[in-house]
Protein chains: 2
Amino acid sequence: MNKKGILIVVSGFSGAGKGTLMKELMRKYPENYALSISATTRGPRDGEVDGREYFFLSREKFEKMIANNELIEYAKYVENYYGTPRAYVEKMLDEGKDVILEIEIQGALKVKEKFPDTLLMFVTPPNARELKSRLVGRGTETMEVIESRMNRACEEAEGMSAYDYLVVNDELDDCVEEMHSIIQGEHHRSSRNVNFMNDIKEELEELKGEN
Amino acid sequence: MNKKGILIVVSGFSGAGKGTLMKELMRKYPENYALSISATTRGPRDGEVDGREYFFLSREKFEKMIANNELIEYAKYVENYYGTPRAYVEKMLDEGKDVILEIEIQGALKVKEKFPDTLLMFVTPPNARELKSRLVGRGTETMEVIESRMNRACEEAEGMSAYDYLVVNDELDDCVEEMHSIIQGEHHRSSRNVNFMNDIKEELEELKGEN
């Protein structure tokens with residue numbers, strides 16, 4: 001069966017709990033998965049560590065990476081670049097790890113276009129009311145903030161159907177197991193096992209000759 | 001998430017152990033799966049029970065079912081009809097069970113054409129040499145029998161890539177869990193959850209209005 005890693009993009013509603021989910025998946029299955037770390041030109045915030053949350057790069061360095069095709073995808077928000085360094089992803093895939101990128105929908109679609117075998121997963125709370133209550137938070141947010149979050153959620157919802165799988169994050173543990181099981185299942189897709197099929201066909205023809 | 005059952009076709013090399021696999025899957029997960037029973041006009045063999053191995057029908061009855069569109073697919077081998085009665089399959093799907101048809105490739109492709117959501121799984125031994133040794137059996141078969149089995153296996157191998165998933169039957173227990181996990185994962189496909197996505201979108205719009 002397919003031993004090469006699968007490139008996986010995980011997106012989801014803000015507040016769907018992607019971060020916690022990814023951390024738990026990595027903790028439970030460190031042999032299976034590698035989490036890609038994005039590069040950015042924005043400065044680190046309190047508590048952020050270079051090489052853990054992001055690779056913090058100068059604008060000059062980032063633009064050089066763009067020019068050298070060293071990024072799988074990148075985008076500019078406000079004044080800052082964000083992108084996925086290619087080298088780490090390819091190294092991990094070759095080692096047989098499934099590599100997870102946690103990026104939003106525009107980036108996800110760009111990756112899928114470049115690498116059609118990419119697996120797109122979308123994380124969602126069980127229903128809209130639960131999503132809203134997570135977005136509203138502890139009641140300390142202004143009307144404006146909540147409204148802008150709800151608008152963003154509506155936009156995110158429009159993108160859902162572009163993803164291959166939906167994962168409902170209700171109970172963290174169940175959700176982690178669901179994701180793991182979906183990804184492991186994907187390794188059995190015949191389209192990911194063309195070599196295996198060709199080997200069987202060739203060997204069968206050879207063995208037929210041995211009679 | 002998708003509560004309606006998935007229609008699943010399981011095919012595979014002769015000697016790949018499909019029968020045992022299906023029995024074990026049904027035994028371990030009786031709540032999840034229903035095995036479709038084919039209808040045939042051939043007579044029962046020793047030990048075969050009507051309604052267990054097959055529904056044994058008269059040719060007249062079978063042709064009436066064809067005329068009434070009561071079969072999902074059917075085929076004629078030598079002088080006998082074989083087919084899949086529609087009513088049982090639809091009833092089980094509506095009850096939320098995943099329904100498994102164990103049929104060969106021509107039938108599988110017909111079903112997929114009629115019902116594009118059908119999940120096609122192909123069961124294979126881990127490699128060609130293992131397959132051959134299963135086909136050769138205990139050394140009691142004639143050259144001719146073995147040769148004809150190998151020819152058939154080569155034909156079957158040509159069909160593999162039309163299937164969605166490959167399942168390697170090396171250890172029975174592992175293989176059962178693999179199949180179960182693939183099928184459960186499929187329930188999370190976004191294409192199988194259009195209602196869920198539409199509900200979230202509509203509810204979000206409504207909740208936005210509530211601010």
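Along the chain as shown, the residues are counted starting at 1.
Any Cβ shown, glycine's included, is placed from N, Cα and C.
TrEMBL: automatically predicted annotations, no manual curation.
If you look up TrEMBL, you'll see A:GLY12, A:PHE13, A:SER14, A:GLY15, A:ALA16, A:GLY17, A:LYS18, A:GLY19 marked as ATP binding site. Shown in sequence order, A:VAL123, A:THR124, A:PRO125, A:LEU131, A:ALA153, A:GLU156, A:ALA157 are the residues of the chain, 6+ apart in sequence, with a C-beta less than 8 angstroms from the C-beta of A:PHE13 (ATP binding site).
Annotated domain 'Guanylate kinase-like' per TrEMBL: A:5-184, in sequence order.
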Listed in sequence order, residues not in A:GLY12, A:PHE13, A:SER14, A:GLY15, A:ALA16, A:GLY17, A:LYS18, A:GLY19 with Cβ within 8 Å of the centre of the ATP site Cβ atoms: A:LEU21, A:VAL123, A:PRO125, A:ARG134, A:ASN169
Cβ contacts of A:LYS18 (ATP binding site) (under 8 Å, same chain, 6 or more positions away): A:VAL10, A:SER11, A:GLY12, A:GLU102, A:VAL123
Cβ neighbour count (within 10 Å, all chains shown) around A:GLY12 (ATP binding site): 24
Cβ contacts of A:ALA16 (ATP binding site) (under 8 Å, same chain, 6 or more positions away): A:VAL123, A:THR124, A:PRO125, A:LEU131, A:ARG134, A:ASN169
Collapsed DSSP category at A:GLY15 (ATP binding site): coil
